[in-house]
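Asks: Have a look at this one.
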Ligand SMILES: Nc1nc2c(ncn2[C@@H]2O[C@H](COP(=O)(O)OP(=O)(O)OP(=O)(O)O)[C@@H](O)[C@H]2O)c(=O)[nH]1
Ligand SMILES: [Mg+2]
């Protein structure tokens, strides 16, 4: 076998400002939802691995939280996680949305990235190209080019699947030769309970605003097949908020919002598990958890 057609494998991570479209792009490349997405900034809170299986390669995408100016201990922890992740991968994809000017946030990330760029190639990715005219995509590519030296630059749209396969080719071309690292068919190594908690958080994020999206956290407390039934799983989960006023919003008048969140999450979880579930949701206050090391640890940060 020549090295041209040797099997390649390795890790690529997506980094960028919050809301740049990293998780949506990860899901599109993997072909299934491994990361939740939302229009609220700072949706992703851990490094999520999604696995792309190809005949010639296995590409592990690590989706990371959006890098931002931290205001809480959680924010600092999330940024540190990004720095840690990008120092461990074979290639970094810096994501910048086509519909927002390249700004100080992107330049700050590029400055930080230059430290790893000596060892690790960085691909510049202009995301969400479906939102702007072609000319603006071209301008964005030029603007991004000025920010740092990229191994390659590529525009994509996760929504339209525009150039998503090409991006996969670009990332694979930066992978070392190597064997398959994950078994066939495995699309993520996220534990089921994490995926479920995230689907609940995604549902809860919908329709809330200001500080509330940041204050939400979800844990799955228990998950058991219903006794005497093989077609029903009981899932008990907690939605955490930081203040009692937030609790009232999440629950809604007469419990209406919480019911909506529950039924939306239930649909998604049933699709994930391929089984009927009963979802028991409770809202709990964990006062200022984003700033409290002890509570952060309890919530897995
Ligand atoms: N039109 C369009 N919208 C997109 C595209 N990709 C992502 N979006 C939207 O952009 C918003 C943010 O997407 P995410 O994938 O959650 O962004 P992210 O970079 O992971 O955000 P954080 O996890 O907060 O850092 C969501 O509302 C997505 O639906 C795209 O290709 N086209
Ligand atoms: Mg994300």
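Cβ atoms are placed via backbone N, Cα and C, with glycine included.
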Asks: What range among 27-31, 32-36, 37-41, 42-46 does TrEMBL record as region 'G2'?
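Replies: Range annotated as region 'G2' by TrEMBL: 42-46.
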Asks: What range among 59-62, 63-66, 67-70 does TrEMBL record as region 'G3'?
Replies: 63-66
Asks: Which is it, of 127-130, 131-134, 135-138, that TrEMBL names as region 'G4'?
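Replies: Among 127-130, 131-134, 135-138, the range TrEMBL annotates as region 'G4' is 127-130.
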Asks: Checking the binding-site residues 19, 22, 64, 67, 129: which ones have Cβ within under 6 Å of ligand 1?
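Replies: From 19, 22, 64, 67, 129, counting a Cβ under 6 Å from ligand 1 as near, the near ones are 19, 22.
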Asks: If you average the pLDDT over the region 'G2' (42-46), what number do you get?
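Replies: Over the region 'G2' (42-46), the predicted model scores a mean pLDDT of 97.
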Asks: Taking only same-chain residues 6+ apart in sequence, whose CB is under 8 Å from that of residue 22 (GTP binding site), what do you get?
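Replies: Correct list: 14, 15, 16, 44, 63, 64, 66, 95, 127.
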